[in-house]
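One structure below.
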Amino acid sequence: MNKRFFPTLLLAFVCSTLAYADGGMWLMQQINGQVARMKSLGMQLEAADIYNPNGSSLKDAVVMFDGGCTGVLVSNQGLLLTNHHCGYDQIQKHSSVQHNYLKDGFWSYSLAEELVNPGLEVEIVDEITDVTAAVKKELERIKKPSGLEFLSPRYLSSLAPEIVGKKAASRPGYRYEIKAFYGGNRYYMFTKKVFRDVRLVAAPPSSIGKFGSDTDNWAWPRHTGDFSIFRLYADKNGNPAEYSKDNVPYRPKRWVKVNAQGVKEGDFALIMGYPGTTYKFFTADEVTEWSEIDNNIRIEMRGILQDVMLREMLADPKINIMYAAKYASSQNGYKRAQGANWAIRRRSLREIKLAQQQEVLAWAKQKGIATTEEAVRAISKAIEGRQDLRMRQRYLLEGILMGIEMSNAPAADSDIADHWDDPARREAGLQSIRKQFEAFFNKDYSPEVEKDQLAIALLTRYAERIPAEKQPISIREGIAEYGSAKAYVEMIFDKSIYASRERFEEFMKNPDRDRLLRDPMSRFAASVAYEHQKLAKEVAAFDAPLAAAQRSYVASVLDMKGQPNLAPDANLTLRFTYGEIKGYQPRDVVTYGAKSTLEGVMEKEDPNNWEYVVDPKLKALYEAKNYGRYANSDGSMPVNFCATTHTTGGNSGSPVMNARGELIGLNFDRNWEGVGGDIEYLPNYQRSIILDIRYLLFIIDKFAGCQRLIDEIQPQF
């Protein structure tokens, strides 16, 4: 990693008053400090309408969906809107070649037709409590601290029973979560209702919900109907409960009214949701590490993975269903890394962070605070010290563990090997291996694709990048013995009992201890896992001193700026952000408007490119201009719009509300130029990409003919 400093640029940035430009993402309890500015942009709400700790507010209608997305309640029957890509896994699990809901969409026309989704959870925040004093008191009592407890969600949440009482903490259907903010300088507890009976109600075809797919991802203008619809169910008393046929639709204490009157450039926009991760307090060296190691390796290895997957998906519909979710997930992180690196280079984000760093150091020096400079030096030392380890770790993670499925093959433990002659223990061990095999050899895995393409391509590149002496022993010895990654992979699939179901079942009929222990795929997986654990431990040695230094550095920033003026980094907790509906100029001579229409869908149509196929029914509606009440005043059909709000991953599915707190859209993406907003908000370039609620309603009504949902939502025209 190259360390580069730019003294001339630094002076220019310092003189430009760039210190922590802040577009959000604000904590709910910071609402009072933002209301005046929000009203200056046109908002007509009061603070208590958005967040009221003593009553209902918009906060109560915004949910966390499936641990990493956001959703919004829009009826008194627990109807929930989120993005198509947020519900993608559930849609995929219900899909088959015979009932391909990914391709054709899914529409339930009664409650009885709604589909159950085991394992899916939705959370609603009930209370938010400042527990900083209590947490710091408990942290002081730790007898053998690891040095990271002050940031650990698991450890922090384990303190909840001491804070709220053991009886309260054991309430069925509730979860208490304590998280660190500002690098561990503040702590808040979130009391949540957890719903586990969440049913799929509707989803458009992927040709609508994923229109433009990976080519348009992170891009504006956009033309995507990115939504899916679910419903929360509760027991007959209205409490969260596990699935039961006796459960009834949940009646929330608050839902958001839907406004179908349309939007215009300059309108106020409010977004609430669960942004995942940002890095606004990074030092310059941390930006360099993120770009040159994390992002560069992700771009390289996922590019190889995705090229192979896409080629195979286009050739076989069965493979397409099998790998659809994996490909979408990989592509999302890939393009995010590309966009972040573009912003770091073109928008000089490293230099901006260097300027901010110097500003904090100058402030601390003036105040006589020596710990700030010590913290910056400690951060740089940790980054430099872990450079080679982190590089090896990232190649192993992106290239092997996340890319090659056989790294998840079953591993025979010492218990079955040592007690093979004990029939009971041998059988128990074999059943454990069967369970591992079933988890590994699921419907989302193709041995043929793995053997012939994926494993060879990724393992070849990994071996080119990592010196042999630093590779997992199975990879090092296998490539040396067989002459190439290709020959090594072919040997594994030729000999492993896990290479096919037939071979596995044959082994289970006549199990052999030596064959089990010598299995090449199992040894590959065990060797990779060992190397991963070894690297994780070595990298982790830098975690505690780095976290302590970051905490000290952020404490100085917090003291300098003051908490009311400084939003903390995102960490999957409920936030709000606000701005206006507005286009932008990404580069010279290029200007983008704020809204897109169905006309743009037809302009992009390409029957020979799966990303831009237009459903015949949608095309017929377009040709007839059969838009009903959902059209713009000029007769065009709205699809998407963009706003200056500050969002990131986790905000997918976030409600976008107007000046009166009425739903006008669903956030689903960011523009390419704004991905760097995870480090520094860039108001002239950063845009949230939003599904216009009228397009969602139009698809439900005119495309699907699902009148019961329109009747339930009761949009205001």
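Cβ coordinates are placed from backbone N, Cα and C, and glycine is handled just like the others.
Since we're looking at a predicted model, the values are computed, not measured.
As given in Swiss-Prot:
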SIGNAL    1-21  signal peptide
ACT_SITE  HIS85  active site, charge relay system
ACT_SITE  ASP226  active site, charge relay system
ACT_SITE  SER652  active site, charge relay system
SITE      ARG670  site 'Is essential for the Asp/Glu P1 specificity of DPP11'
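A map of Swiss-Prot features onto the structure.
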| residue | record | DSSP class |
| --- | --- | --- |
| HIS85 | active site, charge relay system | coil |
| ASP226 | active site, charge relay system | coil |
| SER652 | active site, charge relay system | coil |
| ARG670 | site 'Is essential for the Asp/Glu P1 specificity of DPP11' | strand |
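The distance from the Cα of SER652 (active site, charge relay system) to the Cα of HIS85 (active site, charge relay system) comes to 8 Å. Long-range neighbours of ARG670 (site 'Is essential for the Asp/Glu P1 specificity of DPP11') (same chain, six or more residues apart, CB within less than 8 Å of its CB): TRP218, THR647, THR648, GLY677, GLN686, ARG687, SER688, ILE689.
On a Cα basis, ASP226 (active site, charge relay system) lies 7 Å away from HIS85 (active site, charge relay system). Cβ neighbour count for HIS85 (active site, charge relay system) (all protein chains, 10 Å cutoff from its Cβ): 25. The C-beta environment of ASP226 (active site, charge relay system), restricted to residues of the same chain at least 6 apart in sequence and closer than 8 Å, consists of ASN83, HIS84, HIS85, GLY209, LYS210, LEU666, PHE668, ASP669, LEU691.
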